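Shown next, in structure tokens, is the structure this report addresses.
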């Protein structure tokens, strides 16, 4: 199913790719080799799958490695894994910053993949030489000899190199893949939206191998072999990425955005007593050239009008020998700062969903570990139940692309089916239902507890609904996030937009840990074991799941207000570009030659400047 949908998207996109002119510097970020298209996007999708396989080959069983090999207590190991996981996704902000500001998408991906390979190589070597003694230790009930300080130091150095490499690579590869499509063209814009769905699909294909095959062998004590498989996957991904270098579509970095945004706030506060000028009188450069290197102009919006003071021209600005960017900013610069502020409320509303997502790697596993998990004589590892989440993602991605998008498109008139904000809202609701299902399963599990026994008689397969619901919610929430933050971020901070999704997961880990500590503090008093004791049969983990469901419901109400308030970014283009895009939508490729003549006429004119686009026209495009 997924391959059918993907082939359809590729065929449409390739037909357009052969007829698209190279993007001009005035209307689009500076482009090097304007090739790209689906063939290069597929290389990047494969790269993402291989990098994810390599990363989760380490992360999926890291807590068991810390307990069995490094002899850590369960609580200490779980805390160390939470800190490490949170750090992985915080590194995504670093990768996004370097990508947008200095290195560009291509070089950033290459450098962080090299770091990932080095970390995996060091981990493989360290486990073989210093940690896995005697050979084969670290399996079920088979603990290793005490480790040396050198081995422990190199182990932590290696896993944090892996965190740095994967964290910096993750948001940048998503944005670089989106760069392979020209969003000026409606059909390529559709392909760009499809890319994010397939990007998450590729990520979960990599997870599926790690969470089934590798987790099984590592659980048996073959840690070094598992790490070597991850290393080989990362090397293969890096080699294939570099091999396609001559054919990528490159977009140059737009400089450090931090001073640009800071200048807007400083200039606005310096004119605190100045009334903001009308939109027509705000300061902006003439013509289509933007003050931000390699970025398109952004048209004025009516939100957060206070920041318009930064683009208001005063007498002091007029008499100054030269423009001071800390006193006077362009409309585009002001709107870039507004975009960041407008995206933040939406982003904050996604953190509670990430708390839901985080439970799969923690409480879901602990819950499954005290359920009946034997199929005959075969013992099913509790962590392997996440395979149902991954399968749900893969199936729902295909259903979404092939069934839901066409159906919703016909009903709503939106070719994307549901908007990004609508999809994120649906994902939040499904995530809420997953917590309700987990709570119901826990109630049933407690009823099946046999006095004096650790394991409940309830089968572990009763967890399938909660895993499937989380997987379905990911397709709507995380794919929607990738599209939304990448599409709404200005040209100068595209990777930053993609990194917000990763940062949400990071904060979700920290918030989840905080919630667990708070619940334990308030419920474990006066001899009461609390909701989440060491012996889950004495607790009420179902109440914790229902608490998260309530928080998700409250978060959804806040999200509705934020989504309703949000107004999208409005990029400037010329009248000719709008006409060309509308003709392409109506006539397809048959009208391309005529549209090219219009484009040539535009380049032949000397006095055509960009004109603010009507929002209804932008919505159509």
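The backbone N, Cα and C atoms fix where each Cβ goes, glycine too.
Some features that TrEMBL has for this protein:
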type     : residues : note
TRANSMEM : 42-69    : transmembrane segment
TRANSMEM : 81-99    : transmembrane segment
TRANSMEM : 106-130  : transmembrane segment
TRANSMEM : 150-167  : transmembrane segment
TRANSMEM : 193-217  : transmembrane segment
TRANSMEM : 223-243  : transmembrane segment
TRANSMEM : 344-365  : transmembrane segment
TRANSMEM : 421-440  : transmembrane segment
TRANSMEM : 460-479  : transmembrane segment
TRANSMEM : 544-562  : transmembrane segment
COMPBIAS : 598-608  : compositional bias 'Polar residues'
REGION   : 598-621  : region 'Disordered'
Distant-in-sequence neighbours of the transmembrane segment (223-243), which means Cβ under 8 A and at least six residues beyond its ends: 43-44, 46-47, 49-51, 53-55, 57-58, 61, 65, 69, 109-110, 113-114, 116-117, 120-121, 123-124, 127-128, 131-132, 138, 206, 210, 214, 217
Per Cβ pairs under 8 Å, the stretch of 106-130, 150-167, 193-217 packing most closely against the transmembrane segment (42-69): 193-217
Annotated stretches the transmembrane segment (193-217) and the transmembrane segment (81-99) touching (3 or more Cβ pairs under 8 Å): no
Contacting positions for the transmembrane segment (150-167) when only residues 6+ beyond its ends and CB under 8 Å are counted: 51, 54-55, 58, 62, 70, 84, 87-92, 94-95, 112-120, 122-123, 126-127, 129-131, 502
